[in-house]
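Visitor: So TrEMBL says this about it:
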type     : residues : note
TRANSMEM : 142-169  : transmembrane segment
TRANSMEM : 343-363  : transmembrane segment
DOMAIN   : 400-501  : domain 'Phospholipid/glycerol acyltransferase'
Amino acid sequence: MLKSNLSPAPFDDSINILSSSCSSPQIHILTLLLLLPFTVFAPSQTHNHQPLSKRASMEFAMVLLRLADWVLYQLLANSCYRAAKKMKSYGFNLGYLSSKPPPQPSAFPSVAKYDLEGRGSQTLVACDIHRVLLMSHSFFPYFMLVAFEGGSIFRALLLLLSCPVLWILNHELRLRVMTFITFCGLRTTVMESISRAVLPKFYLENLNLHAYEVLASAGSKVVFTSVPRVMVEGFLKEYLSVGAVIGTELHTVGCYFSGLLSGSGLLVKHRALKDYFGDTQPDIGVGSSSVHDHLFLSLCKEAYVVNNEDDKSNSSSVMPRDKYPKPLIFHDGRLAFLPTPSAALYMFMWLPFGILLAIYRILLGILLPYGWAMSLGAWSGLNLQIKGSALEKSEQNQGVLYVCTHRTLLDPVFLSTCLAKPLTAVTYSLSKVSELIAPIRTVRLTRDRKEDGKTMQRLLREGDLVVCPEGTTCREPYLLRFSSLFAELADEIVPVAINTHVSMFYGTTASGLKCLDPIFFLMNPRPSCYIEVLGKVPKELTCAGGRSSCEVANYIQKQLADALGFECTTLTRRDKYLKLAGNEGIVKETSGKNATNRYH
């Protein structure tokens, strides 16, 4: 009885649908298997003698069947098939979250054949920043940087957890999903800060030297990119002197990003090129060897491709620091590494251990004597190296003034531990948390030159004193301008060259919570600090020998720079905060009727 009521017609309709929608027999077969339970019990369409109501219900059942067919194809069969193809071609590699297509032979010459001479009057267009101007294909790490530095650790974790889904999706959907997770609810002003202070460092370190030389040779430069324009425009215009950046635009609600693309959607680069130049052909086009860039390049008078597969095996294509188009002196953010999916996974796995390790290292410095603290700290992975020795008090019964470079808030602590003697550190700003956990005495200054001078002279009479005349930290191999106040206070001046190295987290920040600076530094698996105590400055080179305080400060700055292999600059704390935080390093606080200024 059941057999007589069954009809193959719905199943045949499904086959017809699949014939028009499926692009491969594998998907065809998989979808048929998934639909089999639905089709066996589907109502019959042989309804010539059926009542109208029954025929309508059958038609409705067919609509549901077709809808189920489409859903199963799109969400299950097609996705599983694409995932299987990627598994076969690339293996399960979390690093494959990029726009990298399979290698294709290119009809255009390599940038290695590009003639750099006589291009100053020509217009160059670049087809995207990833795969062309940058060495890596993946844009995931840069979304992760925005999510972690601009959003929160939870937003970054959510982006990391989405990797299995991103791995299955195609190029456009992958970009849309990453954009939504990264930007939904993010302030526009925060993104401006990230693009100015965080991303340029990682872009410069990943810049393709050959592609940059081609770009720099042209007089006028335009870059078209499918990633959100706000992520790359600041770097391209400031460091690469690009005149215009055409990219995917993001939708905003007030001063927040919604996480959605604007009405125009993902940028189609060859269409954007036509819209921007009209009937005029740009002189030079640079793109990747991908077949997707060929249509874009065919619209240019000359076209060249960048083959990053060859460049990766060629060290000459890596941009050295001394060839940066603009010196990278200031940058912000907590992450000291490029957060690829695998690197970000390791970071999140390390975080619980890192927090416990930081607490352990802090307790060592607070509770134990210098020798024990240094030995147990070394066993925990903290690497302290010292060269030179401490200087005894002078006959005038006045303490020694140690003048240090400033890499982290922990510099005076490490110096005191290595010298195994108590020191007093003066600072312009220190959070309550840092002051509480500091194992040495700290004294706040007011930035009133006369008042601060009296305070430091009093502290020198009580014992040895540590000052950092740069006034703020600097991560890169540069020294900021030294304040000359210290040179007027003592004749016993000992320069101390300090440099630090971290692999995971930076222990400094310009716009984040400064109270967490020491904790982030100590959370690194193997943080290191190199200290070199230089000889006492000869008396004839001090103010007591007739030199001005500025001459003494400049001489010591040069001496410390030479010891570390750094470069001296005339930049100040104010320059740093204007660059990274958009202010002068002063936060106004009001309490009742009185207003005070707190300096970073």
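Just so it is clear, glycine is given a Cβ too, placed from its N, Cα and C backbone atoms.
Where the annotation comes from TrEMBL, it is an automatic prediction and has not been curated.
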Visitor: In the same chain, who gets a Cβ under 8 Å from the transmembrane segment (343-363) while lying at least 6 residues past its ends?
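Guide: Same-chain residues near the transmembrane segment (343-363) but 6 or more away: 94, 141, 144, 156-157, 160, 335, 337, 377, 380-382, 437, 504-505, 518-520, 522-525.
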Visitor: When DSSP states are grouped into helix, strand and coil, how many residues of the domain 'Phospholipid/glycerol acyltransferase' (400-501) land in each?
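Guide: Grouping H, G, I as helix and E, B as strand yields 33 helix, 26 strand, 43 coil.
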Visitor: Suppose you look only at the domain 'Phospholipid/glycerol acyltransferase' (400-501); what would the mean pLDDT be?
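Guide: Value for the domain 'Phospholipid/glycerol acyltransferase' (400-501), mean pLDDT as a whole number: 90.
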